[in-house]
């Protein structure tokens, strides 16, 4: 029988690789949009595990799906398929443009699969010289060597030796730069339909439409990284549906499992046929436990009233942030869409987003940052208006301590 060992925050420094700098408190229980730490302190969660906990913590629909599947079948590998994976794949094709699905364990793996597929497709159809990948500065696509190199942030990609080649980074939303770079050598353009880690930056409608047209002109694939924006986060099931531009390949993860690790790459049958047996794979991809939970999440989030509710909650969040800004005048703008929002700090507050995050934690509120000067909010898609107002009151108190 396993004996539960006593651990605290100092245990992290003792035994964990120092990739992270976690908060001083350790959550031990969560329900809905609230969590409690080892000392019993309660927090309202506006972070959602970085846009993951779309139904909050321990939602009964997810708990039931996991419990039921846990009593049936845990793992097979892809030597065999399984019912939850097939049902989930069917449902993902029903809520998107896709005809084919590849399952992985994370957003990074989904993006890795997307990039490999794009390169494979281009080589098969047009020849090996068509290999250039265009991505954008301040983008973020994961931490594998390929995806972190495609992501346009040197902080994450430098220091590991030679990078994968034929990757070009351009300014986001800069159509002239894209027009000057894209050519018949371009294999794919990869972008977030709303940059998350890069500061919650939305593209213009004209830019996204032009990207699609330029990709078509040069026979390049358009890859949308919807790891953070997907599964209802923006008020559409996928963000591309709200901007009227359909990609060729889409990567999804985070909210897909609502907290249970899963990722997926979605594409068309024509493109997918180039990923033949043995070309790519994942031992855990399509795991029955993960797919059972994700199926429950998709069923819940895809309801029209849930998606409409995300848009309503965006308005509640914006109204409360405007109240705070009228009082303290520290935000220059509120960015984003749905429940992927960022409060960009003004010149006087530049670089102090983490100060606000830490102060908020001391007041019982969990928030995120998106760079040094943007406070990010990615709460549950079904957080109540009362919890939004209460959380914002705690944010108000936190900011007051920094004035």
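Glycine residues also receive a Cβ, built from the backbone N, Cα and C atoms like all the rest.
Taken straight from Swiss-Prot:
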| type | residues | note |
| --- | --- | --- |
| BINDING | 107, 108, 140, 225, 226, 227, 228, 283 | pyridoxal 5'-phosphate binding site |
| BINDING | 143, 282 | N(2)-acetyl-L-ornithine binding site |
| MOD_RES | 254 | N6-(pyridoxal phosphate)lysine |
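Structure coloured by features recorded in Swiss-Prot.
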| residue | record | DSSP class |
| --- | --- | --- |
| 107 | pyridoxal 5'-phosphate binding site | helix |
| 140 | pyridoxal 5'-phosphate binding site | coil |
| 225 | pyridoxal 5'-phosphate binding site | strand |
| 282 | N(2)-acetyl-L-ornithine binding site | coil |
Spatial neighbours of residue 143 (N(2)-acetyl-L-ornithine binding site), counting only the binding-site residues 107, 108, 225, 226, 228, 283 and Cα distances within 10 Å: 107, 108
Shortest C-alpha distance to residue 254 (N6-(pyridoxal phosphate)lysine) - which of the binding-site residues 140, 226, 228: 228
Residues 107, 108, 140, 225, 226, 227, 228, 283 binding pyridoxal 5'-phosphate per the record - widest CA separation, whole Å: 25
Between residue 282 (N(2)-acetyl-L-ornithine binding site) and residue 107 (pyridoxal 5'-phosphate binding site), the C-alpha gap once rounded to whole angstrom: 13
Entry from the binding-site residues list 228, 282, 283 having the most other CB atoms no farther than 10 A: 228
Candidate with sparsest Cβ neighbourhood (10 Å radius) among 108, 227, the listed binding-site residues: 108
Same-chain residues at least 6 apart in sequence whose Cβ lies under 8 Å from residue 107 (pyridoxal 5'-phosphate binding site): 141, 142, 225, 227, 228, 251, 252, 253, 254, 263
Recorded positions compared (143, 254) - highest count of Cβ atoms within 10 Å: 254
